[in-house]
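**Q** Dumping what Swiss-Prot says about this protein:
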type	residues	note
BINDING	GLY114, ILE134, GLY135, ASP136, TYR137, ILE138, LEU139	S-adenosyl-L-methionine binding site
Amino acid sequence: MTFSVTILTIFPEMFPGFLNYSLAGKALEKKIWNLEIVNIRSFAKDKHSTVDDVPYGGGAGMVMRPDVIGNAVDNVLSAHKNTRFIYMTPSGTKFNQRIAKELTEIPHVTILCGRFEGVDQRVIDVYTPYELSIGDYILSGGEPAAMVVLDACIRLLPGVVNNFDSVAEESFSYSGGILEYPQYTRPEQWSRYKVPEVLLSGNHRKISDWRREQSYVRTKERRPELLNGDDK
């Protein structure tokens, strides 16, 4: 099954961006996933292709118009009946590895990238998109956030990462969703620092136990909420 994505944006030239490189780019070439870009401005009705207007009630910034957004969304939904409609917004559910995995199991995903002060609330009320956030900070628009979500999803698709065990052992995927253990490679000694002896022992059980312990310690120190399930 190909993972298909439609992006709604006023800056179509931003895509595929960094998704055209490395693992995601190779997967795009192999058609493991595909990308459709819809320019929201093409659904505007005036000669200036206006997509925003001043907010009712006053306030700073501009708001994306519901009539223009609605026409663009209707166009996509009519072509993709079973799509999962997502809106990138700081007020959405915080994106995590579990959500990334869930999205890869859906054949088609549509992502609306907001700009300015966001979209008119009526768009949210009518289409009830899955509102997603990548963190508690503000970007200039939803496009970078959408790329982050897609990058996390694409690398989970079969055939993208050659050694799929490396994906399964990463942070948030490893041992119940906790942080990954520390990694080491050659040289065995760098400056005054040596690789932990257990990793050189060849004893796979001891190595596995060490990694599990290191993951737990690292998670307890840096992200204790993951141990309590508070970040689900």
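Even glycines carry a Cβ here, placed using N, Cα and C.
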**Q** Among the binding-site residues ILE134, ILE138, LEU139, point out the residue whose Cβ has the most other Cβ atoms within 10 Å, with all shown protein chains included in the count.
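**A** Top count of Cβ atoms within 10 Å goes to ILE134.
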**Q** Please find which two of GLY114, ILE134, GLY135, ASP136, TYR137, ILE138, LEU139 have the most distant C-alpha atoms, given that the record lists them as binding S-adenosyl-L-methionine, and give only that distance in angstrom, rounded to a whole number.
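**A** So the binding residues stretch over 16 Å, Cα to Cα.
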**Q** Counting other CB atoms within 10 A of each CB, which of the binding-site residues GLY114, GLY135 comes out lowest?
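**A** Counting other Cβ atoms within 10 Å of each of the binding-site residues GLY114, GLY135 gives the minimum at GLY135.
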**Q** Including all protein chains shown, what's the count of other C-beta atoms within 10 A of the C-beta of ASP136 (S-adenosyl-L-methionine binding site)?
**A** 7
**Q** Return the count of C-beta atoms lying within 10 angstroms of the C-beta of TYR137 (S-adenosyl-L-methionine binding site), excluding that atom itself.
**A** 7
